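Notes for the one structure printed next.
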Amino acid sequence: MALTDSKKKATSKRKRDEPEQEQTHTLTSQLEMLTDEEGDDDNAGDVSDDGEYDEFPEIDAESDSEEEDEEEDEEDEEDEPDISDEEDSDSDESLHVFPKAKTVVSDITGQQKRVYPEIEPDYDSDSSTEDSPNRVGNVPMHWYDDLPHIGYDINGKRVLRPAKGDELDKFLATIEDPDSWTSAFDKKMQMDKPLTSEELDIIQRLYAGENPDATYDPYEPMVEWFTGKGKEEIMPLSAAPEPKRRWVRSKWEKQKIMKIVRAIRQGRIVPNKPKTSSKQFEFYSIWSSEPSSSQPPPLPAPKRPLPTNAESYNPPEEYLPTEEEKQEWLKQDPEDRERDFLPQKFSSLRHVPAYDQFIKERFNRQLDLYLAPRIQRVKLNIDPNSLIPKLPSPSSLKPFPNYRSLLFTHPKGRARCVSVSPDGAWAVSGDEDGVVSLWEVNVGCEIRRWKFEGKIGSLEWCPRADACYFAVGIEETIHFLIPPNLDPTVLALTQTLLAPSTLPPAPATPSAVKWSSSSLSSWSVEQPILSLNLPPSSGLPTQISWHKKGDYIATVSSGGAQNGVWIHQFTRRHSQAPFKKIKGAVQQVLFHPIKPHFFVATQQYVRLYNLAEQKLIKTLQPGIRWISSMDVHPSGDHVIVGGYDRKLCWFDLELSEKPYKVLRYHSRAIRSLHFHPTYPLFASSSDDGSIQIFHARVYNDLMTDPLIVPLKILRGHQITDGLGILQVKWTPKHPWLLSAAADGTVAVWCS
């Protein structure tokens, strides 16, 4: 094949050179034809360095037809195997480019196979630097910080972490080991490895700012790729036609030239200006200019405003003030006056007296220039009424209570608590003398009076419509009373609920609260039908809170924190303390009107618990030093909290744990808060002897904020011993309000 290829190349070259040989007959006549053996030894067509031409090898005559070429190719192919075999044998014996293979018998197939020796790569090999014992790949090595090994080798075995010395070993290594200064830390092997001479040479070159390649020659001769002899560019790089701007005068150059022409005409540019000798020494004054300062120069002083017609000695009549304007100007503060003087009128200039404020005005002017900043502050004349939010008129938000219709009196003590029946016809109130009075709301007539030993802490009417009774809290006891003159059906249901003939089974866990009910045969209206004896040292019950359905009642006592809160169930006749440990002293508790949630107000926080799941939902942060009262909106989404520091906080439970709005309308401590069950109203009472009535409209749209409008301030109670109105309650069906005060009176406020 090699001989055949050489013959074909020679034949094709001969065909290309025939036209050239005819034109340069004189040149080819000097060439000598060589034999086949000589042609194989020399390079065809090369020119020697001394200017003589090399001799061409012998070229066979080309065939006349394609058939002869095909026959010659077939003959060459027949002779080719022998030639290639001989060449292969000669090359194997003479040149050992590749390692020799050994012929062995395979243990698996039993046939002969060639086995080559293992390749030992040098430094130039691609695999010499990649053959690392640790084959974990390009992963962060801090994954192996807590492991005894640092990776795996090619066989899947662990590569153990090399031992590391302390700081003393590192210091000794820098002194004793000469290779420590030429070593680098290998992250993959977690050890120091010495750098090779090639790597050190690269570091030195980079440090010196040289090319890191050692074979780079910055002074190699230039290779003329495009400008050498015979390599010149003849055709243009771009054959685009010439643009029109080549023959049109430039508009911008014309403007620049005209600018120079105008400067020459005006004399700002002198074409033939005489040259002055720069060697001539010029004298100048060293004190002509002040030394430069790094600080910016001071701002110039503001100029005095020019006088107006009002400052004339004979101003027009419209500039002269009247007596009312003079009095108003004198009453104003000097900084609020529009002018510092009052215009005056004189018949002539000689009648004008000396300006009495001249020295003061000059002194203020000097102070302004010396001390005042260079700024003019204009006082904003804003109407304070424009800053007040626009609220609807209270007359459009009626009905709400605005006058006192009747007054019920407890002659021997403070009226601490009051409550209204679910139908709104009856009211019950208690004082510190232990007297509980039942009276009619419309006329104030007292129907029944009960006397207990000890002061009344709290009382509350049961919210059930099919039963009629109320609870009274005295020292460590809760009594349940039935009012007289009830319907027989309602009375029978109430007696069955409070004193059933068959008691429910006792609970598995005994309670510290003892339930004791009177027998129906010996019971009378003058005595309680049911009593709950709280644990000892519980103290006075300060609050009684009913669940909406009337089956549960929660009490808060003034005793210890562990026995302070109790929840009682009537159907099971069982009492339990919902909290084993309470953070802070409990002030008030409330049931959620819709959900099984429980509000607990301590001194500074209001916590919302889920009684069904027994977990804390959220903690409200009113920012009050000491919480005194609390109430929940009938929708259950809003809570109002009052404190002894005169703050009233409105919370939106869906919005945030911080108050939505804080109201400060009372001058003294807030004692009681209450939402109206049906009307958009709520009231707050305080020790200042006043009752604040607010309109509180809550929208179903969550994107609309509640509307809170103050409506009326009710005053009708006397402040006694620093205490004012202790509790307020709304009637369920009318916009009427009942208030119990420290002066021993209970008032009914009607619309």
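The backbone N, Cα and C atoms fix where each Cβ goes, and this holds for glycine too.
Residues or ranges marked as compositional bias 'Basic and acidic residues' by Swiss-Prot: 323-336. Feature annotation from Swiss-Prot assigns region 'Disordered' to 1-140, 289-336. Sequence annotations record features per position, and here Swiss-Prot assigns repeat 'WD 4' to 622-661. The repeat 'WD 6' annotation in Swiss-Prot covers 720-751.
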- prompt: By DSSP, what is the split of the repeat 'WD 6' (720-751) into helix, strand and coil residues?
  reply: 0 helix, 19 strand, 13 coil
Query: How many helix, strand and coil residues does the compositional bias 'Basic and acidic residues' (323-336) contain under DSSP?
result: 12 helix, 0 strand, 2 coil
- prompt: What mean pLDDT score does the repeat 'WD 4' (622-661) have in the model?
  reply: 93
Message: Summarise the repeat 'WD 4' (622-661) as counts of helix, strand and coil residues per DSSP.
response: 0 helix, 18 strand, 22 coil
